[in-house]
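*Asks:* Per TrEMBL, the features are:
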DOMAIN    4-213  domain 'Aspartate/glutamate/uridylate kinase'
BINDING   Lys9, Leu10, Ser11, Gly12, Gly52, Arg56, Thr159, Tyr165, Asp168  ATP binding site
REGION    17-22  region 'Involved in allosteric activation by GTP'
BINDING   Gly51, Asp71, Thr132, Gly133, Asn134, Pro135, Tyr136, Phe137, Thr138, Thr139  UMP binding site
Amino acid sequence: MKYKRILLKLSGEALAGEAGYGVTHDVLNQISEEVKDLVEMGVEVAIVVGGGNIHRGVAGATRGMDRTSSDHMGMLATVINALAMQDSLEQKGVFTRVMSAIDMQEICEPYIRRRAERHLEKKRVVIFAAGTGNPYFTTDTAAALRANEIDAQVIFKATKVDGIYDKDPMKYDDAVKFDQLKYIDVLNKGIKVMDSAAISLCMDNEMEIVVFNMFENGNIAKAVRGEAIGTKVIK
Ligand code: GTP
């Protein structure tokens, strides 16, 4: 295995599946099967979930809502997704802990770094909720931050496409896939795989990012073994 401790970034949209909103049982089921396989392989797994399937902070703000309030709603949305993910994993017998960046102790644990690491050492899947706890920061930035804090070796960014393309492969037939990209090229070319704050944080700390389609069975296990799938973002 190439990676022992990983951070899996799941977008809210990924959880929504075909419906495009809310949480789809089948998708949750599939993701938790894959995560279960990882845990059985001995990989320590942390997850950051987005909330875009329920509320997008930026979209709310563009419709005239106060950005901070809108982002707060987005953070709460990630807690809903984290609880759904936790439930799905625990139904499969995977031990999990949800840790929130915003205190809501009746619902989940507060985020305490050393405690998160202890959970991971005990092979519990740690799901980080509520982003970074701050407005104006995306859940991709939360993923970059937490991955660095817990000393993960890589961020797996799960998407619906099989890597990073020079243009949207859903719209353009001639879109070309990159096997490997430098952080600086992602920034310079304005490639929208993660926002610039998240990419910069990864670049400054040499946190590897692998972008791949996690809805293809077994992809995540391949990624953990270091097989060339999707697109790798490196120094
Ligand atoms: P160890 O100390 O390694 O045994 O970890 P642990 O998480 O099992 O210990 P603890 O006794 O702290 O937690 C037991 C259960 O309570 C776990 O399911 C935790 O997720 C949960 N828990 C712990 N702290 C909180 C909290 O602040 N809020 C909520 N809602 N649950 C918590």
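Glycine is treated like the rest: Cβ placed from N, Cα and C.
Note that the structure is a prediction, hence the values are computed from the model and not measured.
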*Asks:* Tell me the Cβ contacts of Gly51 (UMP binding site) under 8 Å, same chain only and six or more apart in sequence, or just say none.
*Replies:* Gly12, Gly74, Met75, Leu76, Ala77, Thr78, Ile80, Asn81, Gly131, Thr139
*Asks:* Quick one: of the binding-site residues Thr132, Asn134, Thr138, which has its CA closest to the CA of Gly52 (ATP binding site)?
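*Replies:* With Cα distances computed to Gly52 (ATP binding site), the winner among Thr132, Asn134, Thr138 is Thr138.
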*Asks:* Measuring Cα to Cα, tell me the gap between Asn134 (UMP binding site) and Ser11 (ATP binding site) in whole angstrom.
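*Replies:* Rounded to the nearest whole number, the Cα-Cα distance is 18 Å.
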*Asks:* Could you give the mean pLDDT over the region 'Involved in allosteric activation by GTP' (17-22), rounded to a whole number?
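*Replies:* Value for the region 'Involved in allosteric activation by GTP' (17-22), mean pLDDT as a whole number: 85.
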*Asks:* For Thr159 (ATP binding site), write down the residues of its own chain that are at least 6 apart in sequence and whose Cβ falls under 8 Å from its Cβ; none is a fine answer.
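*Replies:* The list for Thr159 (ATP binding site) reads Ser11, Ala14, Val211, Phe212, Asn213, Met214, given in order along the sequence.
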*Asks:* For Thr138 (UMP binding site), write down the residues of its own chain that are at least 6 apart in sequence and whose Cβ falls under 8 Å from its Cβ; none is a fine answer.
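*Replies:* Non-local contacts for Thr138 (UMP binding site): Gly131, Met194, Asp195, Ala197, Ala198.
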*Asks:* Near Thr132 (UMP binding site), which residues of its chain come within a Cβ-Cβ distance under 8 Å, counting only those 6 or more away in sequence?
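*Replies:* The list for Thr132 (UMP binding site) reads Ala101, Thr141, Ala142, Leu145, given in order along the sequence.
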